[in-house]
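Comments concern the structure below.
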Amino acid sequence: MYGRKRYQLVKDFASGEKGHLKPFNVKEQIREWKMEHEGLDVHSNRNADHYGALVHHLSLILNKRCLMAYVHNRADIVRDLAWRVGLELLDLPPEIQDKLTTLEKEYFKNHSVAIKSYMGKVGIELNVDMVPPKDPYIKIRVVGEIDQGIVISDKTTNFTRHSMHFLKRTDAEPYIARGQMEELAG
């Protein structure tokens, strides 16, 4: 049946949570499309109108469009991960890394390099905080292991585990994103 796997591919992607990746599963669709192509003998078809070839051709075009939409949506999610999680592939949780293909990992790296290059030229960290802060300073607690003697805002600070500090939001955000610090409310 034409398009069963195509329909399933789009349905799986549309039914999933927005912004969440599922494992890349295109092999079944490609296998179905090859079987459809092998089942149609266009050259021996004696029909003057060639409706069978037209249906097959239109089916291939629709298959290609569905596959491109699937890959485009996955690329959007990978780009969003760079902004939400961090610009390093190692910052991504292992369960997300397992769902990425090698080409998607390479795309993530290239996208991150482009963002870092732009931020270096402009001199602004764009991925620090997507929502404007109400207060530039926040109260944080150190939860993870952080190297000794880190320079923050032109001061060397000692971040021992479970210590609390009052820092600039821009200085603390990278550590909060990595899970080494947590923001305290109030």
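Heads up, the Cβ atoms here are built off N, Cα and C, so glycines get one too.
Marked as domain 'GINS subunit' by TrEMBL: 47-122. If you look up TrEMBL, you'll see 134-185 marked as domain 'DNA replication complex GINS protein PSF1 C-terminal'.
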Exercise for the section: With DSSP as the yardstick, break the domain 'GINS subunit' (47-122) down into helix, strand and coil residue counts. Expected result: 62 helix, 0 strand, 14 coil
Exercise for the section: Give the residue counts of the domain 'DNA replication complex GINS protein PSF1 C-terminal' (134-185) per reduced DSSP state, in the order helix, strand, coil. Expected result: 10 helix, 20 strand, 22 coil
